[in-house]
C-alpha cells in the first residue's frame, strides 16, 4: 500500500468519523432544547421560546455562554487528572458509536450488495459497546478524586456504585439477545428480527427490554436515578467544574443517552425494519432514527414524571430485582431453546437456526 | 505497511505506558497509565484477528479489575517520605535483576529468531471467520472439564466473599419494601372530629 493509498484511506476514515460525530454533537445540543420544551409542555408552561424562532437558537446561546465562562481549576486539585476527567468521560461515549449500524444501503444502486452503514461492522459489536460504555466510570472517578474535595469524592463513589450495579443486569439482559440472535454482530442481530413487528425481540424478551432501558437510565444518570448529580446533593462528582469542562460532562451524558436509545431500538425494536413489511419502502435509517427519537422522548417523559429514587432503593432495584429477573429469564430462554416441543415456539425468533 | 504503522503505534504506546506505571510518582497516575497500557494490548489483540480477546481484555481488565484497583488506590494513604526510605537498600537486588533481564533481551533480540525473514507472516482471516464462535466451540467441548472447574472455583470464591462480609445486626431496623408499597391510606390516616 503506497503513501497515497494510506492518505486516501485515512481521509475516508476521517470523513466516516465526522459523519457520525458531528450529527451526534448537534443532536446533543438540540436534545437539550427538545427536553426543555417537552418538560415545559408536560408541566403546562412554555419552556424556552425567546432566542430565535420558537427558541430554536437557545442551544447555541447556551453553548456560547458556557464557552465564554471562566474555567476554574481548584489550586489543590490534581491538575492533569482534573483536566483529563471530562475528556475521559466524553471519549468513550463517542467512540462507542463506531460500531452502531445506522441502516443498510446500496448507495442508490451503486453497489450490488447491501452494505451496513457503520464505521466498523465488528463481529463482537455488542461486546464492544458494553466494554466501551463501561469506561465512562473512569471519567467520573477521576473527576471526583482529582477535585480533592469531599463532596465530589462522595458523589463519585455513589455514581460508580450505581453504574457498576446496573451494568451487571444490563449485561445479563443482553445475554438473552445473544442467545436468540446467535451472534454478537449488531447487523446480524437486526437481520434476525426481519419480518415485521412480531419478529422483534421485544415480544419474547419484553422483561429484558424493560430491564435494559431502565438500567440505561441508571447508567446515564437520568432522572429516576439522577441522585449522583442532582443539585440538592451538591451536584455529585462535578461540583468543582465550571464552564466548558462542566458542559463536557453533560455532552457525554446526552451522547450516552442517544447510544442507549439507539441500542434499545437495534436490539429489541427491530433496528431499521418497519413494523409492517409493507412499510419497508421508507428508508431503514428513518425507521431507526424514528425509534431512537421516540425512546429519547421516553427518557424525557421519565424525567417529567418520576420522583427521584433514594440511594438504598436504587441499590435494591439493581441487585435484588433486576439481577434475579435477568438470570431467571436467561434460564427460561435456555430451557425454551433446548426442550423438544418448546423449541418450535422459540424458533420463530431464531430464523438462523 | 499500514499494519506495521499501527503495530508500532500500539506496541510503542504500551511500552511507554508501562514505563509510566513504574515511574509515575502519583499512584493514581500509575493506575491511569496501566489502563492505557491494557488498551494498547487490546489493540495488539485486534491486530492479530483476536477481536474477542481484545474486547474481553477491555471489558474485564479495564472495565472491572482496574475499577477495583482504582478504588483500593484511592483509599490508601501513602506516605511518600517513607516510600523512598528503603531505596538504597533494595537498589543492588533490583539493579541485578534489571541487568540480567537486559542481557537476556539483548541475547534474544540478536539470536536471529526475530529477524524480518524468520517471522511467520500469516494472512488475515476474512470477516466470516468468527473467533467468538470458535472459542466457544472449543471451550465447551474439548476444555469443558477445565471450564467447569474454573466456574466452580469462582463460585466458591463468590460465596466465600459474601459469607465473610455478611453481618446482620439484630438491633438494626430494616425496611420491608413490600409492606411499604402495600400500605393504604386508611392504615395511616384517620379522621378526627374537632
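Heads up, the Cβ atoms here are built off N, Cα and C, so glycines get one too.
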### Summary
Which range is transmembrane segment per TrEMBL? Of A:122-143, A:232-253, it is A:122-143
### Cβ-based contact of the transmembrane segment (A:12-33) with the transmembrane segment (A:322-341), 3 or more pairs under 8 Å
no
### Message
With a cut-off of 8 Å between Cβ atoms, can you find at least three pairs linking the transmembrane segment (A:122-143) to the transmembrane segment (A:254-275)? Only pairs 6 or more residues apart in sequence count.
### Response
yes
### Query
Sequence gap of 6 or more, Cβ distance under 8 Å, 3 or more pairs: do the transmembrane segment (A:80-102) and the transmembrane segment (A:322-341) meet that?
no
### Message
For the transmembrane segment (A:322-341), I need the partner stretch with the highest count of C-beta pairs below 8 angstroms, choosing only from A:198-215, A:254-275, A:281-302.
### Response
A:198-215
